[in-house]
């Protein structure tokens with residue numbers, strides 16, 4: 001069984017939106033979160049989707065599920081105090097749906113330019129290696145800095161990747177790590193791959209497209225709209 005856990009828990013402070021979290025902003029009559037879920041909905045290998053949502057917007061999210069006929073969404077749950085805790089709540093909900101050896105794909109609700117090919121590659125990688133971290137090769141040189149903002153290391157670009165999403169694992173593995181971490185007071189890991197790395201779990205890269213952006217700022221929003229329009233034009237004009 002393959003389950004998508006889609007995190008839509010942010011409130012969009014960096015987007016400067018008033019009243020509506022960024023994941024609910026609309027592009028061509030459809031909220032960003034729905035654009036994202038649609039990809040999972042239309043991927044044959046995905047059996048179910050869990051959405052983790054801002055608690056005040058649960059009813060709104062449930063209405064979207066019904067309005068856009070998102071039949072693979074089997075649960076909409078409230079997020080936690082941190083991103084990690086929100087994902088944990090989604091994983092717990094997935095556990096209620098899962099069969100043995102379930103694969104979970106943890107994805108950002110504001111990454112709507114994911115595609116079926118990457119989703120399938122994640123599932124394949126988990127079954128072969130136990131993990132999949134969707135990533136892109138660094139286009140520019142990555143540097144590490146010290147506390148004085150001085151460069152302490154220039155990283156070899158040929159070995160540098162940028163981690164994105166989905167980040168995928170066997171559900172039992174990521175839940176085991178999450179529960180142990182929480183029991184030790186670790187509740188604010190930046191993402192699931194970071195947490196698994198803290199536990200020395202082997203992480204495998206799955207290369208994804210550069211356009212798999214996370215919509216965090218107004219610039220990201222307009223970039224998504226431009227890329228979405230370009231995709232639509234390709235289909236219309238047969239480009």
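Indices start at 1 and increase along the chain as displayed.
Placement of Cβ uses the backbone N, Cα and C atoms for every residue, glycine included.
Pulled from Swiss-Prot, these are the features on record:
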| type | residues | note |
| --- | --- | --- |
| BINDING | 7, 8, 9, 10, 80, 81, 82, 83, 84, 85, 86 | CTP binding site |
| SITE | 14 | site 'Transition state stabilizer' |
| SITE | 22 | site 'Transition state stabilizer' |
| SITE | 157 | site 'Positions ribitol 5-phosphate for the nucleophilic attack' |
| SITE | 214 | site 'Positions ribitol 5-phosphate for the nucleophilic attack' |
Rank the binding-site residues 9, 80 by the number of other Cβ atoms within 10 Å of each Cβ and report the first-ranked residue.
9
Report the nearest neighbour of residue 9 (CTP binding site) in space among the recorded sites 22, 157, 214, comparing Cα positions.
22
Would you kindly give the Cα-Cα distance separating residue 22 (site 'Transition state stabilizer') and residue 82 (CTP binding site), rounded to the nearest Å?
17
What is the interatomic distance between the Cα atoms of residue 86 (CTP binding site) and residue 22 (site 'Transition state stabilizer'), given in whole Å?
17
If I take the alpha carbons of residue 80 (CTP binding site) and residue 22 (site 'Transition state stabilizer'), what is the distance between them in whole Å?
18
Fewest-neighbour residue among recorded sites, criterion Cβ within 10 Å, set 22, 157, 214
157
The correct three-state DSSP answer for residue 9 (CTP binding site) is coil
Sort residue 22 (site 'Transition state stabilizer') into helix, strand or coil using the DSSP assignment.
helix
I'd like to confirm something. Which of the recorded positions, 7, 22, 84, 214, has a Cα closest to the Cα of residue 157 (site 'Positions ribitol 5-phosphate for the nucleophilic attack')?
214
